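Going by Swiss-Prot, these are the annotated features:
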{"type": "ACT_SITE", "residues": "D269", "note": "active site, nucleophile"}
{"type": "ACT_SITE", "residues": "E616", "note": "active site, proton donor/acceptor"}
{"type": "DOMAIN", "residues": "458-600", "note": "domain 'PA14'"}
{"type": "SIGNAL", "residues": "1-19", "note": "signal peptide"}
Amino acid sequence: MKYQLFLSLALCVGLGASAQTLPYQNPNLSAKERAVDLCSRLTLEEKAMLMLDESPAIPRLGIKKFFWWSEALHGAANMGNVTNFPEPVGMAASFNPHLLFKVFDIASTEFRAQYNHRMYDLNGEDMKMRSLSVWTPNVNIFRDPRWGRGQETYGEDPYLTSVMGVQVVKGLQGPEDARYRKLWACAKHYAVHSGPEYTRHTANLTDVSARDFWETYMPAFKTLVKDAKVREVMCAYQRLDDDPCCGSTRLLQQILRDEWGFEYLVVSDCGAVSDFYENHKSSSDAVHGTSKAVLAGTDVECGFNYAYKSLPEAVRKGLLSEKEVDKHVIRLLEGRFDLGEMDDPSLVEWSKIPYSAMSTKASANVALDMARQTIVLLQNKNNILPLKKNAEKIAIIGPNAHNEPMMWGNYNGTPNHTVTILDGVKAKQKKLVYIPGCDLTNDKVMECHLATDCVTPDGKKGLKGTFWNNTEMAGKPFTTEYYTKPVNVTTAGMHVFAPNLPIEDFSAKYETTFTAKEAGEYVVNVESTGHFELYVNGKQQFVNHIWRATPTRTVLKAEKGQKFDIEVRFQTVKTWGASMKIDVARELNIDYQETIAQLKGINKVIFCGGIAPSLEGEEMPVNIEGFKGGDRTSIELPKVQREFLKALKAAGKQVIYVNCSGSAIALQPETESCDAIVQAWYPGQEGGTAVADVLFGDYNPGGKLSVTFYKNDQQLPDYEDYSMKGRTYRYFDDALFPFGYGLSYTTFEVGEAKVEAATDGALYNVQIPVTNTGTKNGSETIQLYIRNLQDPDGPLKSLRGFERLDIKAGKTATANLKLTKESLEFWDAETNTMRTKPGKYEILYGTSSLDKDLKKLTITL
């Protein structure tokens, strides 16, 4: 194999005439010993190149090309033939850390399987987004529902985020006692990072109180470092108290390494070091920015122009020493040895994972199980749910009923199959009418003609997309895709235009011939970020070269039977990301009454609405009413959907509303216009089956909200204010649907808790009996909160334990929870530390964070 030949040649060069194994080539030595030896053989220029996220090969020493940047937010990302799980904010709603471990064990297996196939079976080389270092999990706190990246997190609570984050890391990295790590995971974005997206490169957070810093923003990072032994920490873009996070000695050295004992790698967010001198102006240029980041403790720079290329100049100018550089190089080399990436694959157990481990039936079953457990039943008037199969004709409508990209979330891979909500319902309900109804935000309806009236040059229905892994459409195409639904893709959030296509430096051509079945006006809608051109019958209609998503509308005035050859040419430009939307459609005004007329004789309507990852996400080129740059400016349901639901209610329909979103939606009007409300998040490849299972009673919902659902925009504090006052269940108690809330098709009764002194190092063991008093088997999540009675300025309550119990009808199960010293630890202003103070504490336990759902007892320390 090429790999073995490369290694053999490198060894020959290194051994020379002595034919003696060098220390760094000896797999029996520790990773640290090998890294120290290898570092000593590098030139300063080579060291600088190794400190980039895209590290080139150094053949003379047998060092291969290596990429530090890959993603596995909810499954292996940026590649095809993978298992796509629900978005993390939804998986947090499962309150099931054991199942979450299974999810990420599968994700790491699929990552290793594709890596092994490429590197060893195909004799290839490392690729960006396909390497063994994955920048997951995102353990920032979802403090404000307007943050577009909140969907990537495990919700608003520090404890829930910590517990779930530990399982993510363990699933990705594999057993600690293994010889090599399966992957390297990364806790991001350190620290105090949760929007806005549009200010992240310039923000300076100077209003974060010590209490909020230690009680809210830091616990998850500390837990992942100390309990999960996470191997990477990513420093964030913004400044904290005037210092960029990637240049903060306090964050990276004093807290992370000195206080918490972190021994591994710090990586920068992409472009964060360049922000020092381009946006924050805290450094004068790349050389000074580099020295600041390196001296503070940032080991690897992810970037575009790469400030770290100036590292040798910084050393020559005396801004830092080569000995300082060596500390960072040794850490990153330790990582590569720890992954087995530099050793013969026969020594690495993970290198034996075959490509057949990708996208298996077993992994799909886990995706389905997780999707079911994420679903939260928020409202069920008169027990309208579950529906009876085929008892009557029902309708399913709405913009998310048949929306595959919505199901996948952001930072996603592309699965081999996706079950939309429409697909799932169709599989159970034969008496069914489907009407798209409306767009997510637009008050026009686009009647798509791709599937019915468009034919590709090679005779297939729809639109053909041809892709090249260069920007000139040159040479052999990389891949081809076909579309019978509108194209809607973006590289923002690490999506790809086509499976396995790079997210940078590519080009595409989209082609079809449209034949008008009727005379009239049709439109070709093209919206893109990058360089894009539209040709109709060989004539150029426009050319755009732009970094911001730009919509275009080209009218086709057609006679019956008239043909139009349509071609869109695209190439990426050096922007944040690329995007493309294409549709050939008839533009119709929304007519609620016309749609309702089509529902004659139908009483029950499933409306699938909400928003989508194309509207909320990371630094996106979106600027429409309610949305800005990836964030939301309003948490209300988009007006077009709200009005549609009101019209259905006014027509006497019973509405089951399925909300798909990665964040909380203000649904107060919908509690009146809808009979049932189901929160489905972005549920992954099996999400349609999971939603249908819940709607028709094949699965009893047991998910609990991982975030607070507020009543309206007016309840939200200033988005740019990082104070926790008035935010989340910990400092706000007037929610529409509170954190930890979720209904079931059965009923549960929580018994009296039994609290005993622990003998295993914890303070107390807490046993809470729960009885299923209904007629259906179901699951209930018992939640334990602590209220510090001697701390009037502290949180109203803080989650400190939970357990999801599966309980058969008429049976009782017991939640067994532990309270440790850390469970009763809060910020103490007198000593400026987190500590457990003597005094009275309330233990609150029950089925949600709402006071009426909790019982309480008092303990004294």
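Cβ coordinates are placed from backbone N, Cα and C, and glycine is handled just like the others.
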Discussion item. So if I draw a 10 Å sphere around the Cβ of the residue listed as 'active site, proton donor/acceptor', how many other Cβ atoms end up inside it?
Written reply: 27
Item to complete: With DSSP as the reference, give the number of residues of the domain 'PA14' (458-600) in helix, strand and coil.
Response: 9 helix, 82 strand, 52 coil
Item to complete: Would you count the other C-beta atoms found within 10 angstroms of the C-beta of D269 (active site, nucleophile) for me?
Response: 24
Item to complete: Looking only at C-alpha atoms, tell me how far the residue listed as 'active site, nucleophile' is from E616 (active site, proton donor/acceptor), rounded to the nearest Å.
Response: 20
Worksheet item: Quick one: what's DSSP say for the residue listed as 'active site, nucleophile', helix, strand or coil?
Response: coil
Worksheet, complete the sentence: Model confidence for the domain 'PA14' (458-600), as mean pLDDT, reads 91
